[in-house]
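Features reported for this protein in Swiss-Prot:
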type	residues	note
BINDING	GLY382, GLY383, SER384, GLY385, SER386, GLY387, LYS388, SER389	ATP 1 binding site
BINDING	GLY1015, PRO1016, SER1017, GLY1018, SER1019, GLY1020, LYS1021, SER1022	ATP 2 binding site
DOMAIN	23-312	domain 'ABC transmembrane type-1 1'
DOMAIN	347-583	domain 'ABC transporter 1'
DOMAIN	657-945	domain 'ABC transmembrane type-1 2'
DOMAIN	980-1218	domain 'ABC transporter 2'
CARBOHYD	ASN530	N-linked glycosylation site
CARBOHYD	ASN754	N-linked glycosylation site
CARBOHYD	ASN960	N-linked glycosylation site
CARBOHYD	ASN1000	N-linked glycosylation site
CARBOHYD	ASN1201	N-linked glycosylation site
TRANSMEM	23-43	transmembrane segment
TRANSMEM	70-90	transmembrane segment
TRANSMEM	146-168	transmembrane segment
TRANSMEM	172-194	transmembrane segment
TRANSMEM	252-272	transmembrane segment
TRANSMEM	284-304	transmembrane segment
TRANSMEM	657-677	transmembrane segment
TRANSMEM	699-719	transmembrane segment
TRANSMEM	780-800	transmembrane segment
TRANSMEM	804-824	transmembrane segment
TRANSMEM	880-900	transmembrane segment
TRANSMEM	919-939	transmembrane segment
Amino acid sequence: MMKSFGSIRSIFMHADGVDWMLMALGLIGAVGDGFITPIIFFICSKLLNNVGGSSFDDETFMQTVAKNAVALVYVACASWVICFIEGYCWTRTGERQAAKMREKYLKAVLRQDVGYFDLHVTSTSDVITSVSSDSLVIQDFLSEKLPNFLMNTSAFVASYIVGFLLLWRLTIVGFPFIILLLIPGLMYGRALIRISMKIREEYNEAGSIAEQVISSVRTVYAFGSEKKMIEKFSTALQGSVKLGLRQGLAKGIAIGSNGITYAIWGFLTWYGSRMVMNHGSKGGTVSSVIVCVTFGGTSLGQSLSNLKYFSEAFVVGERIMKVINRVPGIDSDNLEGQILEKTRGEVEFNHVKFTYPSRPETPIFDDLCLRVPSGKTVALVGGSGSGKSTVISLLQRFYDPIAGEILIDGLPINKLQVKWLRSQMGLVSQEPVLFATSIKENILFGKEDASMDEVVEAAKASNAHSFISQFPNSYQTQVGERGVQLSGGQKQRIAIARAIIKSPIILLLDEATSALDSESERVVQEALDNASIGRTTIVIAHRLSTIRNADVICVVHNGRIIETGSHEELLEKLDGQYTSLVRLQQVDNKESDHISVEEGQASSLSKDLKYSPKEFIHSTSSNIVRDFPNLSPKDGKSLVPSFKRLMSMNRPEWKHALYGCLGAALFGAVQPIYSYSSGSMVSVYFLASHDQIKEKTRIYVLLFVGLALFTFLSNISQHYGFAYMGEYLTKRIRERMLGKILTFEVNWFDKDENSSGAICSRLAKDANMVRSLVGDRMSLLVQTISAVSITCAIGLVISWRFSIVMMSVQPVIVVCFYTQRVLLKSMSRNAIKGQDESSKLAAEAVSNIRTITAFSSQERIINLLKMVQEGPRKDSARQSWLAGIMLGTSQSLITCVSALNFWYGGKLIADGKMMSKEFLEIFLIFASTGRVIAEAGTMTKDLVKGSDAVASVFAVLDRNTTIEPENPDGYVPKKVKGQISFSNVDFAYPTRPDVIIFQNFSIDIEDGKSTAIVGPSGSGKSTIISLIERFYDPLKGIVKIDGRDIRSCHLRSLRQHIALVSQEPTLFAGTIRENIMYGGASNKIDESEIIEAAKAANAHDFITSLSNGYDTCCGDRGVQLSGGQKQRIAIARAVLKNPSVLLLDEATSALDSQSESVVQDALERLMVGRTSVVIAHRLSTIQKCDTIAVLENGAVVECGNHSSLLAKGPKGAYFSLVSLQRTLF
């Protein structure tokens, strides 16, 4: 009981006084709404008795009919007020409470310590789910599910109250049948939910394969793995097809079982006849009570079906309340603790022991002692996992040590106020975290109340002002999600500006330049050196050249400091750990003794090398860009989708389609036949002869029982048949779409609308929508056409006058039902848009929680959330009024139409133009058919979506790629030597046509030799590899392999002779063996070949040391393996391919020194006897290449081997690059 109370409290914990008032009024409205329909039944019993039993010549007949019809109008007016209150109050309070929940929840999440996120590996996705879908669950529960539950429950109670008031005996007899009405829905509802969850799980596996393939499309193309991936995808889809068929069968049984309602109606009809004959009950009263009993049972069933939403809301509410009430061990909101008036910045670690909360069995520090003097720079170096970055995390109190203490100016940091402590530090990380806002706003994350002058000064100090000023919008330039609109060096300089605007006493630099090229590194390093002046600075770096000027260098190994001293002091220890690390990174040139370029000279040479796309564009683009529109064909929108063409894709399933259509048509006929029979049965109660009543009742009872059985069988046929159609169509569409997508040129994937997430969403949603269109919607359409046709035919035959009037008011009925079922639900689009923006913000904040925590920017994020929600909040207030008006109007109009029908029907009877039996038959037929048409009307929205989905599917299937991988006329090379040449090539990326990469570019690469490409970022190094792989075609000029234009070759055959190893190795979810096998041409590869490839890649030893060896799962994108391990598996994959041409794109740049040494050794073995194109920032990795080409502004400015290029001296471009990276001895 207590837990239940706690769960209820968790849902309403965000309500304030206004919300409680709204909910109280909403409760009155929902209960009143539930009472309306039974009250209408009560009035209708009087009308039926008037119509069925009075003397129609009596003058009082029309007066009585008119009086009861007016009573219905009064009820209609009351229902408008009641339904308006219900619709407005619940919609309004739902939005208000959900908005407050999102704000409190995100605030609570951002308050948590970093260790919380380490222990909850899914915390980011959990937060996104809670801010988006969980808040929608609460909002939907309060706005729709709870009022529906209250309304249906009160309708159940009111129905039985009216039943007891009218005819208590019949009501008591009907009461036990409620159980029979509930069983089918409850039993099969659960089964359908279980199957739906399994289908989602099954498709998630296939969706995961598709996502990996599309996000790694360059790797898939490079290794020719398209067919393998499509086969894997197809196999994964088969499971969801089988479950889909089970779902169709279960749905048919579930809906078919509802036919028991007709059998219950038959029994109550029989018992009602006994009441008429033996107790003198009136026919109208009996009929109304039967309707009340069945309506009450149905209402209870609908009410109980809403209980699952209660449990769902309780779970969500408990989960959110748990986070909101959690007080973290390191609480940034806790304002207790000391604040020092003046801080020197002296840092000391005394005998610190530490393990990460997520890995308590792995000690990081056992007895760490470290002292950082005030105003000095201390560098921490060592291998991966030695604990360098942990020092920074502990100093910022992301975690607390298990033992020992950390002091600042002699005071333990756990005695200091957390927020103040972090304000004294500025952090710059390896991967700079920027938020999707302007440059100015990103810098202000460091200091919220900073003036524009302070922002500019910080930018100048970080060497960022000059490039920011070149942007058209200057400091208002939007950086994009995660700063994608900026280069690595630009992002890093903005991150430095953010760190120094707060004037920190302590500066923390964690691998701040490791991911940058030499030129960007020089500029950023200069900014860091400036920022460090006068500050206590702790530096972590892999590139030892960046920390050689540190006051103290500490070598960290296995969580302890094993060496301390300056650069020169540590180098004196010939066998020292620092010396060995330096040797690994040493640029081996015999002339190093003679390289003594003055710092200023090296700097000026570097500036000469600086690539300025802006200046280059103005001078070169005029003759190229004007031709661009014709060179990048736009995807034309598909023609109006052809339903016939869609059906042709379903041709193999035509037999099942026939069964489905037949079942739908037969079930469509059930409702009008049932309504007609019910109307006829009411008139039977008014017969004078008891024998006639008995005889006719027996016939109708048997008819109702027959309809129950007929409903069961026709639904099974309908739903299984259409499920079979839909499932196989979905599978076929997904296979064809993925197959077609994997023929598209890489440029297609570069567009924002074709990201891996967007494509996978289309594969999932578009195919599902088409299945829904062909399966569910088509069956409903056939069913509706059948019902409407039979209804109109029966009505016109019986009484054309009354039928025409009933037909004329049907649109009103349909619109009212449609409003209740569709429009009210679709009004939340703006709210959902607001949720999307909230989710985006939450995802960005939580995935960058360390940056948020380091800069104490929680309040800033909450303010951004309020801004994001402001628009949807205002829209919601208007929508609440609209919801109330629409709900009230639709309910009252339905009642008014009933009043009109009764009045007009009574008039026709009084005038002798229609019999009472005919009136009852037509009235009930059209009343029920209005609901059927409205039900079909709810699919109009789905038809539009389905039409869009069909267009989307055919847009993919009909699109012609600009780079055909399976050109039947293409030359198929049997053997490739590997001689490569670029002749007068012009190129710009299609997504950035105004940025010219190459103009008149030429280079020759000898076969069997290794050629290195070096140069600053943006000079076009990686573009060379993309053009060789023919990911793109040049705008002008020719790329040749072995003297043949690669555009004339069969592309997939050509790629079989080329292997690519990238900076970030792409592994797929699967075993190590499967990942290596992607390098093979077929699926049948000997184990010995796999092992030989692994040995050649220096991977065999570490693979065999794993518990499952080659059967070890790599995890999604290889997350279970380290960077060096992943890279060696990628090399083994390339070895297995036995390529003639090897392309190495920054293959070791992201590795630490030890991993780099092992991987570099494997690469050098692989390069022997092959044409190799090597791109590298670290020049130590390419000094042994036969040829080194230096690129600048999209042109080769120098070419030769390592020694010959160095011989050119300080004026040489290569010499300048080496100077930037040299380590002095």
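Heads up, the Cβ atoms here are built off N, Cα and C, so glycines get one too.
Residues 15, 68, 71-72, 75, 78-79, 82-87, 89-90, 93, 147, 150-159, 161-162, 165-166, 288, 291-292, 295-296, 299, 891, 895, 898 of the same chain, all 6+ positions outside the transmembrane segment (23-43), place their C-beta atoms under 8 angstroms from a C-beta of that stretch. It is GLY383, among the binding-site residues GLY383, GLY387, GLY1015, PRO1016, GLY1020, whose Cβ has the fewest other Cβ atoms within 10 Å in the structure shown.
SER1022 (ATP 2 binding site) and ASN1000 (N-linked glycosylation site) have their C-alpha atoms 17 Å apart, to the nearest angstrom. Confidence for the domain 'ABC transporter 2' (980-1218), expressed as mean pLDDT, is 84. Over all protein chains present, the Cβ of ASN530 (N-linked glycosylation site) has 14 other Cβ atoms lying within 10 Å. GLY387 (ATP 1 binding site) sits 49 Å from ASN1000 (N-linked glycosylation site), taking the CA atoms of both as reference points.
The recorded positions recorded for this entry are SER389, ASN1000, ASN1201, and the Cα of ASN1201 lies nearest to that of GLY1015 (ATP 2 binding site). Shown in sequence order, CYS1185, ASP1186, THR1187, ILE1188 are the residues of the chain, 6+ apart in sequence, with a C-beta less than 8 angstroms from the C-beta of ASN1201 (N-linked glycosylation site). SER389 (ATP 1 binding site) falls within a helical segment according to DSSP. Relative to the transmembrane segment (780-800), the listed stretch 657-677 leads the set 146-168, 172-194, 284-304, 657-677, 880-900 in CB pairs under 8 A.
Here the recorded positions are SER386, ASN960, ASN1000, SER1019, SER1022; the one with the fewest Cβ atoms within 10 Å of its Cβ is ASN960. Here the candidates are the recorded positions ASN1000, PRO1016, GLY1020, LYS1021. The one whose C-alpha lies nearest to that of GLY382 (ATP 1 binding site) is PRO1016. The CA atom of SER389 (ATP 1 binding site) is located 22 Å away from the CA atom of ASN530 (N-linked glycosylation site). Secondary structure at ASN1000 (N-linked glycosylation site), as computed by DSSP, is strand.
For LYS388 (ATP 1 binding site), the same-chain residues that are 6 or more apart in sequence and have a Cβ closer than 8 Å to its Cβ are LEU380, VAL381, GLY382, ASP510, ILE540, VAL556.
Sequence-distant contacts of the transmembrane segment (284-304) (same chain, at least 6 residues past either end, Cβ-Cβ under 8 Å): 34, 37-38, 41-42, 44-53, 148-149, 152-153, 155-156, 159-160, 162-163, 166-167, 170-171, 174-175, 177-178, 181-182, 185-186, 261, 264-265, 268-269, 272-273, 275-276, 678, 681-682, 685.
Counting same-chain residues at least six beyond the ends of the transmembrane segment (146-168), those with a Cβ under 8 angstroms from any Cβ of the stretch are 26-27, 29-35, 37-39, 41-42, 45, 86, 90, 174-175, 275, 281, 285-286, 288-289, 292-293, 295-297, 299-300, 302-303, 306-307, 309-310. The number of other CB atoms found within 10 A of the CB of SER389 (ATP 1 binding site), across every protein chain shown, is 18.
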